[in-house]
Amino acid sequence: SFLSLKLEKKTKGKLQKQICQVVLDHFEKQYTAELGDAWSSVRDVLTSPWCWQHALLLNRFSQRPGLESSLAEQGYHPAFPAAFRCYIRRTPGRFPSQKHQPGKLKEYYLLNAASLLPVLALEVKDGEDVLDLCAAPGGKSVAILQCACPGRFHCNEYDDLRLRWLEQTIESFIPEPLINLIMVSKLDGRQIGDLQPEFYDKVLVDAPCSNDRSWLFSADPQQAVLRLMQRKELSSLQFQLLRSAIKALRPGGSLVYSTCTLSKAENSDVIDLILNSCRNVVPVDISEMARGVSQEFTFLSGTQRHELLVLPEKGRAWGPMYVAKLKKTSST
């Protein structure tokens with residue numbers, strides 16, 4: 001209708017203005033080189049927030065009768081039937097978010113559906129000891145508890161502000177007896193491996209990275225320039241976090257590394273460096289898992305079997321999300 005067209009124009013105008021040219025130019029150069037033809041359609045989605053989608057991860061600890069049927073009426077369908085109760089639809093727009101109310105559990109978590117892939121790849125089983133090394137804002141921690149009940153669950157976040165956000169997320173989604181299983185800490189993730197060597201069966205390293213989606217809309221060009229300069233240092237932090245995660249794993253344990261950037265320097269380059277420098281780590285094939293969700297996600301072709309990269313496209317505007325899985329074979 002005329003009105004919705006007018007509204008879309010208005011939103012487009014508002015959002016269009018905020019695209020940070022410095023960042024876009026930088027991405028243009030780097031990603032044309034790294035992704036080739038795939039970049040232009042990815043760029044179209046990343047620079048068009050009105051076509052972004054939001055998924056709902058339903059909270060199994062707080063079920064509203066009729067929520068699933070009302071989602072179905074609005075065109076949502078389950079995305080990972082076996083693992084999570086996660087609902088998505090092809091059309092853009094977002095479901096209303098629920099406010100944090102102390103003492104009251106939320107019914108769902110709004111997220112980018114691709115951010116559940118690292119949790120799916122981690123395959124946590126009941127009773128396992130699990131570490132979420134860079135846990136804030138907490139969506140992946142909540143998702144882990146939607147599909148398994150760990151023996152011990154350690155959620156760590158080094159940044160003060162993000163730590164408070166993590167605690168609030170856990171409080172909003174996880175009920176009383178279960179919350180006592182969760183240890184929340186504010187440690188430097190690079191040191192956890194030395195503090196708790198061979199302590200965990202599963203480790204998730206959802207690493208600090210250059211967040212392509214939000215960086216494109218940096219309102220402040222100075223901040224953007226600074227971010228792009230610091231971008232080069234991120235891969236060494238990511239490498240150190242992975243080294244620490246490997247130390248914290250028991251032999252036979254596995255880890256999943258994930259980022260929300262397309263950048264090769266922060267994705268496969270970091271994983272290759274780990275595989276070349278740590279003899280007690282081997283890649284784990286996740287191509288079967290990727291095939292299982294290929295109706296919902298678009299993956300970059302030509303990646304190795306232990307990794308995947310979700311490329312946003314119209315109607316499936318999920319990602320960017322890089323996921324890689326490794327396994328520790330022995331102590332040394």
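Positions of Cβ are set from backbone N, Cα and C atoms, glycine also.
Residues or ranges marked as domain 'SAM-dependent MTase RsmB/NOP-type' by TrEMBL: 28-329. As a whole-number mean, the pLDDT of the domain 'SAM-dependent MTase RsmB/NOP-type' (28-329) in this prediction is 95.
Marked as S-adenosyl-L-methionine binding site by TrEMBL: CYS134, ALA135, ALA136, PRO137, GLY138, GLY139, LYS140, GLU157, ASP188, ASP206. Cβ neighbour count for LYS140 (S-adenosyl-L-methionine binding site) (all protein chains, 10 Å cutoff from its Cβ): 24.
For CYS260 (active site, nucleophile), the same-chain residues 6+ apart in sequence whose C-beta sits under 8 angstroms from its C-beta are ASN112, SER115, CYS209, ASN211, ASP212, ARG213, GLY319, PRO320, MET321, TYR322. Taken from TrEMBL, the feature active site, nucleophile covers CYS260.
Long-range Cβ neighbours of ALA136 (S-adenosyl-L-methionine binding site) (same chain, at least 6 residues apart, Cβ-Cβ under 8 Å): GLU157, ASP159, ARG162, LEU163, TRP165, LEU166, THR169. Other Cβ atoms within 10 Å of the Cβ of GLY138 (S-adenosyl-L-methionine binding site) number 24 in total over all chains.
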